[in-house]
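Annotated transmembrane segment per TrEMBL: A:12-29, A:35-56, A:68-86, A:98-124, A:131-152, A:172-192, A:212-231, A:261-284, A:304-322, in sequence order.
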Amino acid sequence: MSAPRGLPRGLLAGLAGIALLALVTWLLPQLVSNYLVRVVIVMCINAVLVASMGLANGFTGVFSLGHVGFVAVGAYVSGILSLSAHAKGAYLPDLPHWLAGITLGFLPSTLVAGLVCVALAFLVGAPLMRLSGYFVAVATLGFLIIVNVVLINAVDFTRGARTFTGVPLETSLPWAVGWLAVAVAVIARVVYSPVGRRYRAVREDTIAAQAIGLEVLPVRLSAFMLGAFFAGVGGSLYGHYLGSFSPAAFYLAYTFTLISMLVIGGMQSLTGALVGVVAVSVASEVLRNLERGLDLGIFTVPPLYGASQVVLGFILILVMIFRPSGIMGDRELTLGPLVKPRQEGPGREIKR
Amino acid sequence: MSEAARSQAPGSMDSAPLLETSGLTKSFRSLVALRDQAIVVRPGEIVGVIGPNGSGKSTFFNLVSGFLRPDSGSVRFDGQPIERRSAAEIVRLGIARTFQGTRLFKALSVAENVRAAAQLRHPSSMLDALVGTPRLRRAARRVDAITGELLGLVGLTGRAGVRAGDLPYGDQRRLELVRALATQPRLLMLDEPAAGMDAAETRELMDLVDRIRRRFGVAVIVVEHDMDLIMNLCERIQVLAHGQTIFEGAPAEVQAHPKVREVYLGHA
Ligand SMILES: Nc1ncnc2c1ncn2[C@@H]1O[C@H](COP(=O)(O)OP(=O)(O)OP(=O)(O)O)[C@@H](O)[C@H]1O
Ligand SMILES: [Mg+2]
């Protein structure tokens, strides 16, 4: 086994990472257009969401379709909290007094959103994480539907199906990149630790997992709750990026997008989740530009609105047929010795 | 696992029972899979359970290890009733088992299979993992040491990084055995460990089980169809047929007993 890793190296990697992120967030806006910066921000938010979805779905093998339900809760909870008193009076006049009086900053409202989602994940997960296979998928889809219906009907808090607006536009590039870094660091540490080993054991065989002393429910629940935290955080980031949104923004279409990113990248790998986000985002940006139509001089491509969704669907089908475990499978990309995952990595030491 | 502390003389009749079942009964609908079974296993002892297909051997294992609940009867481990405990709790108390046909974490490496079990006794929490506490590092060192030792015991050191599902069948069985051992049990239950092995492999396995028992001081219950293995390895044998215990005694007695010959060995 390799020598124990000292602190200096980890510290060095951390500092190098922070320096790199600072450089990127400072440099990028100078180099590329505003449009591209916005694309990168959305990519970072999606990466937080997909990586956290992979925690339960990929590492413990509980295929949840409810992640976007937590994203919605995160967006609305943080949005209500960070709305100014003036905006609350204008848009949410029927808010209870104790809530109407509170206005939190971006960071605290994001953290509260994450914690509310953790508590909700505990309530939802305690009964549902006992289930397996498609039972979980169907039941968590039910959760997504319930969240949607509640948001539409809790008019005093959400303005119902109408647009919730007035959320301060706080999600800048540094915030998005910073939260992504935190999410990746936390998830990587957990997944490549003895805790993550428990996740994989439960995923591989629940009976064998019990035979080595693991209770399936708490193991899955801890992954589900940690994933929900970052879903809430991502929801807050998204809400504070859009400024105005409605329950429809956090429903089936978004679920499909995030799941295709996860599945295309590879569910059982953290870098797979990130690769999936980049691949799908780049593909759909390109396609979105193409679907407006092209004039190539000799011939013109007529506008084909909606084509990007169709192509994305096809890509997903092709990946499922030819590479069902996604681009990365269960392997991780590493950036050399600086950020090498620890011992626990299944991918690193597997010889095929 | 400190050998000195754990090794002890194989079971003597005067020590208190480690495992004691009585009146153990389990039905599946109208079929009584196990009826009124009773067995006593003392620390360090090695006991065989034999019987024709469907006689209730695996059901007995599942009842003791918490994968099934008995309809009636009791299971005591170390004097404590355990028949209502979960499978995971029972492992924690010190009973580890293997399965008929293997149940490995197939997509994980050989070493990861053993580490996952070894970390039961050297746990770390999510907080340890996030902060990188000394406890996490200490646990990782202990888990790696145990894993190294156990893989060495079954000659799998060189294959530590191989996907468990890619191992040859015999190696898979040995890996499952040391994975169970990694939970540091006081009672090890092996359900047909030699199934599918040839004579040489079976002899090797017998040897391994015996070595494990002496080295770690664990009691062992073996279910097997291989008569040679059972007769040579076990101090005592219980014979089941149609869920009923028809005989219990030393290997020589079992072989000589007419009822056993009739029911199990198939010739009168
Ligand atoms: N979960 C179950 N549901 C229904 N019937 C079961 C179940 N488990 C076992 N049985 C039945 O109970 C009886 C005893 O089965 P058990 O697996 O204990 O036998 P066994 O002695 O281990 O047999 P073998 O030598 O084939 O492994 C069999 O008739 C079996 O079909
Ligand atoms: Mg059996």
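Note that Cβ sites are derived from N, Cα and C of the backbone, with glycine treated the same way.
Caution: TrEMBL annotation is automatic and unverified by curators.
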*For the transmembrane segment (A:131-152), distant same-chain residues with Cβ under 8 A (at least six beyond the ends)*: 62-66, 68-69, 72-73, 76, 124, 158, 160-161, 206, 247, 250-252, 255
_Leading contact stretch, A:12-29, A:35-56, A:212-231, A:304-322 vs the transmembrane segment (A:68-86) - CB distance under 8 Å_ = A:212-231
*Report the listed stretch (A:12-29, A:98-124, A:261-284, A:304-322) having the maximum count of Cβ pairs within less than 8 Å of the transmembrane segment (A:172-192).*
A:12-29
*Going along the chain, which residues at least six beyond the ends of the transmembrane segment (A:98-124) come within the CB cut-off of under 8 Å?*
66, 70, 73-75, 77-85, 88-89, 92, 140, 143, 157, 168, 170-171, 175, 179, 221, 224-233, 235-237, 240
*With the transmembrane segment (A:261-284) as the reference, which stretch in A:12-29, A:35-56, A:212-231, A:304-322 has the largest tally of C-beta pairs below 8 Å?*
A:35-56
*Which stretch from A:12-29, A:212-231, A:304-322 shares the most C-beta pairs under 8 Å with the transmembrane segment (A:35-56)?*
A:212-231
*Outside the transmembrane segment (A:304-322), six or more residues from its ends: residues with CB under 8 Å to it*: 257, 260, 263-264, 280, 283-284, 287-288, 290-291, 293
